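Participant: As annotated in TrEMBL:
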type	residues	note
DOMAIN	A:69-282	domain 'ABC transmembrane type-1'
TRANSMEM	A:9-28	transmembrane segment
TRANSMEM	A:73-92	transmembrane segment
TRANSMEM	A:104-124	transmembrane segment
TRANSMEM	A:155-180	transmembrane segment
TRANSMEM	A:201-224	transmembrane segment
TRANSMEM	A:262-283	transmembrane segment
Amino acid sequence: MLKSRKSEVLAAIVLAGPFVALYAWMFIYPTIQMVHLSFQNAPLIGEGTWAGLKNYTKLLSDRTFKTAVWNTAYFVLLTVVPGTAVALAIALMVSRLNGWFQSIILAMFFVPYVLPVTVVYILWDWMVNVQFGVLQPVIALFTGKPVNVWRTIPWFMPGVAIVTIWWTNGFSILLFLAGIRNIPKEIYEAALLDGASRTQVFWRVTWPLLWPVTVLCLTIQLILQLKIFDQVYLFSMGGRTQVTMVMVQYIFEQGFQRNNGGYAATIAVALFVIVVAVSVLQLQAARLRRGT
Amino acid sequence: MRGFLRKALATAALLALTAGAQAKETVVWWDFLGGGDGVRMKKLIEDFNTDHKDTIEIQATTLDWGTPFYSKVQTSAAVGAGPDLMTYHSSRIPLAVGQDTLTEITPEDMTVMGLSEASFAKAPWAAVHVDGKQYAVPFDQHPIVLYYNKDKLAAAGLIGDDGLPKGLNGVDNFAAAMKKLQDGGTKYGLATVTANGDFAYRTFYSLLCQQGGVVGGDGNWLPGDNLQKMVNAVQVEADWVKNGHAPANTDYPSTVALFTTGDAAMMVNGVWEVPTMTDLQAQGKLFNWGAIELPVLFDKPCTYSDSHTFAIPNNKGKPQTPEKHAAVLEVIKWMEDHALFWATAGHIPANKAVTDSAEYKAMQPQATYAPLTANMIYDPQSKFAGVASPLFDAAGNALTPAINGEVDVTTAVTEFRDTLNDLQ
């Protein structure tokens, strides 16, 4: 008995070992290094000097950091729930189609997801270009004159949010479609026999049974959008980057453009804490909603 | 066993020796030249490789201009994974030296290449030196110039007897000229990048210098009345936008498009757009055009310029072998000798032997604007200045809204100065 237990432990170590070693080397060690670096006055590359809490006190009074936190939060607000809602709506519509027609429509929604961010940027930058953009007549309907979306501060974040939802929605739609197909047909038949209206069917059957998928989508989106960088960086290049700054962009700016490795690590630690806190909160909230 | 090992080692050493004698030396090359000038650089590299079929091969990679290029160079050199040779903006050299990213170019290197101070124009030669040491070899100078649509200017009576634009000097005259062009049915008098304050900074810096102003340096930016002079400079462009002479919030590609489609009669842009015009005209898709030194809007002629140079990264732990180093020097020397072709990309070669040649003096519009090298101003030597630097960033942030009338110009320029003074 004892012997077989011992061999089980050995087998467990052999099987889990490579992963644990890789994980420790590639994730845990760098994380510790990052925290260590945040207490130093260090360049991007090379040795630093111990700075104690200086980076952290600087962070608290840093105006651009506050802007970055606010913009990131605003962006999350603009994309996570609206994006998931749009994906759910599209998935519900697509699920009513059949055969090859469904495949084509689904592909149309999924294609943007395959594009690299630079292509997405160039596409949208040209579509809303203030001189030649095809969308400017639409914008002019509301404003009376062409607007440079990427240089007009109140337009910037909503603009990037729309582009992001358009770009990343395909994945959430796929997840929702899989979820919808997993709901047994009998439940719908039973509900219809009981005389449920379509609204009732959605709220009493589809919505609760899709909830796990919804939570998954929201979580993926939340973590992804907290790390927003590429789109904001690309659309704001050469303009008012300090006003439209988001957190990861600020890490990039401090680390790679200003050569402040220590301070960049401090911002990274702050982002890390925020991501962990928000993820835990969201999981708890999701559990509450499920009533367990 | 030991005998075997010794034999094996000896064989390996022998192989390495013979391989070294026969193998081609490769030079890994990085540049950031992605536009019309990039096409011409690729041709130069091809020609070099053909010329050195048995001895040296350049393996070139073009990376993204600006911050991506410079972060990659800095990080890769620090771990010994940088290229053997790269293009570099002279304005970025002070920062690179502070980060220990560049290898010094020694006087012996210069002797090997047969080049010296006398071979180069003054400004780019000065710009590759930090604390008396040389860190790069100047290749060209690339100022901004005024492109003009000759047909439109002629119709508006703005072309003189010498065939060049006239009546553009002075802020008021320039505005009047733009109005005349617009009255003649052109949408805009001038296209210039108004959506990016960092790009427009090149114009502001020129206009600041035209008033005899200086931008200052670390800890003391825009000192004294230079603040007011910078306000005057930015105000000029803000007025162009306000009065409808130049389009608001317009980005780089649109600026070029507005000019090449004839919607704007003039354009302020870098000499690197010359190949765009040359190529379009060769396809019969462009009007008659030209490029001249920026008009004197204030007191004296002055134009912003930067310089492309060749630099050798300081690859930590992997210093170049003497053979590799010799090959790198050969590449630089060859490029300097063939800089005449580079001039077709619009850039003004730094090598005086080229700019003094009859071929260059016959090249148009290059020869027309080349004399502006006498009135050039480079970025101040500071680790915060240069292309894609904190200074450019600050200009983008503070000055973009001022150009487009969203913020008062004095407020914006003051913010610009304060941001720079806060840098440390």
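Glycine residues also receive a Cβ, built from the backbone N, Cα and C atoms like all the rest.
Help me see these features in their spatial surroundings.
Facilitator: Remote same-chain residues near the transmembrane segment (A:155-180) are listed as 71, 74-75, 78-79, 82-84, 86-88, 90-92, 94-95, 106, 109-115, 117, 120, 124, 128, 147, 149, 206, 209-210, 212-214, 216-217, 220-221, 224-225, 228, 231-232, 235-236, 244 (criterion: CB distance under 8 Å, separation of at least six residues from the stretch ends).
Outside the transmembrane segment (A:201-224) by six or more residues, the chain places 76, 79-81, 83-84, 87-88, 92, 168, 171-172, 175-176, 178-180, 182-183, 187-188, 191-192, 275, 278-279, 282-283, 286, 289-290 with a CB less than 8 A from a CB of the stretch.
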Participant: What residues elsewhere in the chain lie close to the transmembrane segment (A:73-92), defined as a C-beta under 8 angstroms and at least 6 residues from its ends?
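Facilitator: Beyond its ends, the transmembrane segment (A:73-92) has Cβ neighbours at 109, 157-158, 160-161, 164-165, 168-169, 172-173, 175-177, 179-180, 202, 206, 210, 214, 217-218, 221-222, 225-226, 228, 232, 246.
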Participant: Using a Cβ cut-off under 8 Å, which residues of the same chain at least 6 positions beyond either end of the transmembrane segment (A:104-124) come close to it?
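Facilitator: For the transmembrane segment (A:104-124), the far contacts come to 90, 94, 97, 163, 166-171, 173-174, 177, 230-231, 234-235.
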Participant: Mind checking which residues of the chain, 6+ beyond the ends of the transmembrane segment (A:9-28), have their Cβ under 8 Å from one of its Cβ atoms?
Facilitator: none
